[in-house]
């Protein structure tokens, strides 16, 4: 078996290497997930989120690439947990790739069983966009993070975070977006991170302003910026399970508090308190059970500190990494006393079919993205909030790998935008086709009772039919590749979710596929929330003419 890191070819430009643009897009996006500017550990095929991978191993990666290069326009490649297992003759409107990652029968859906299978080389953790080949670096989460903190500001601080301090932890692929999202909302952020390389990476990509390894210096800088009403983000080298209790000890209580460490995966995503990175790596190899025990104890202390800060006035929320569940399992009974970010701040957007819609320039030329920015500013000029986001993104966000953009578009808006982009490709206004996709964290594509579907109005938090329906609908609609994953964001046993990607290659056939997929995909999100009894979703379904046979 080939286990050695291979150099990954970053294909750009308008020259085809595969037999069609959809296969080419899948190849370029797979490789983009492993681009050194994008992936957390490309040498291990790890893209983000603990051990979220793009392919099971290097042998599988090589076979996927070879298959995509030779895949016909009426064939479909099947990927089973990062391994290419079959190619079948289908038809030209069918997806070119169907992906199923990390799916386990519910009674076996534990990290222990997953790790057993992983050791045997039988499974891979796909996270959300790692194994579905549509990760675009920290920008992929930054608008969602910006929207979350904007809603925190609206609910608690009069519409701005100016004059407030946010404390959080974790500066990996997801958490790395937090400091920029806070400063874009005018606030001050102290982001605790145990790995100095991750802090430096966020400084290099302008997601973070400065760093220190001293708590007193971080607090001093934060307080000064708060008093002066300035936006500032500070990376603090340390372990949150140690830093937060010290903050309480010295009487420092932040205005806003959250966390985006990879607590969903205690073995690979959380460093136990009192250990260096090297000591942690050694223990993880030597005695994984002891490592997990120590990591879970640290997570419990971390959550206890969050609860203590909440009691002293911090606006506190879980940012979707299942940290509350891990702490509760460790005996922290009050762990769920602070809410998850979706029910607290994001669900109204889901009711309108809005979610993290993204597009990528396969040409590799930033100008293609800037031209699409102009389309948003022109065609959606009545949406001031959206236009402000696009202007800020152009100014503040550095591309990682292939140039990309993200913005939250809803039902009707996505299909409209998709047609415009396809027309631009057809007219030669863009140098190559555009890939359109989204996070699995979307309005109708995930069942995750501790995150996206926490506290549903009708109690349907754990019903996983919706993401399965979403994947089926996207496949029959003609998405370019469709994925069904388990355990993304919150870990084994806690979520089922689906992804879709569709290519705008300028053809009339693509125009029809885009119209279908970019209507039904967010449409199911509206349906899922209307079915659960949300008035805004019911209103949206009626206004948009979405046919729900039992909607009163």
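Using the three backbone atoms N, Cα and C, a Cβ is placed for every residue, glycine included.
So that you can see what the record holds, here are the features copied from Swiss-Prot:
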| type | residues | note |
| --- | --- | --- |
| BINDING | 49-50, 127, 173-175, 193, 198, 239-240, 260-264, 270-271, 319, 489 | NAD(+) binding site |
| ACT_SITE | 407 | active site |
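DSSP assigns residue 262 (NAD(+) binding site) to coil in the three-state reduction, placing it in neither a helix nor a strand.
Geometry remark: residue 193 (NAD(+) binding site) versus residue 407 (active site), CA distance 27 Å. Secondary structure at residue 240 (NAD(+) binding site), taken from DSSP and collapsed to helix, strand or coil, is helix.
Classification of residue 489 (NAD(+) binding site) by DSSP places it in coil, neither helical nor stranded. With respect to Cβ neighbours within 10 Å, the recorded positions 240, 407 differ, and 407 shows the lowest count. Remark: residue 270 (NAD(+) binding site) has 261, 262, 263, 295, 298, 299 as non-local neighbours, by Cβ distance under 8 Å and separation of at least 6 in sequence. Residue 240 (NAD(+) binding site) sits 31 Å from residue 407 (active site), taking the C-alpha atoms as the reference points. The CA atom of residue 173 (NAD(+) binding site) is located 18 Å away from the CA atom of the residue listed as 'active site'. Other C-beta atoms found within 10 angstroms of the C-beta of residue 489 (NAD(+) binding site) number 27, with every protein chain shown included. Taking Cβ-Cβ distances under 8 Å and a sequence separation of 6 or more, the neighbours of residue 49 (NAD(+) binding site) in its chain are 127, 128, 130, 172, 173, 174, 262, 264, 265, 269, 488, 489.
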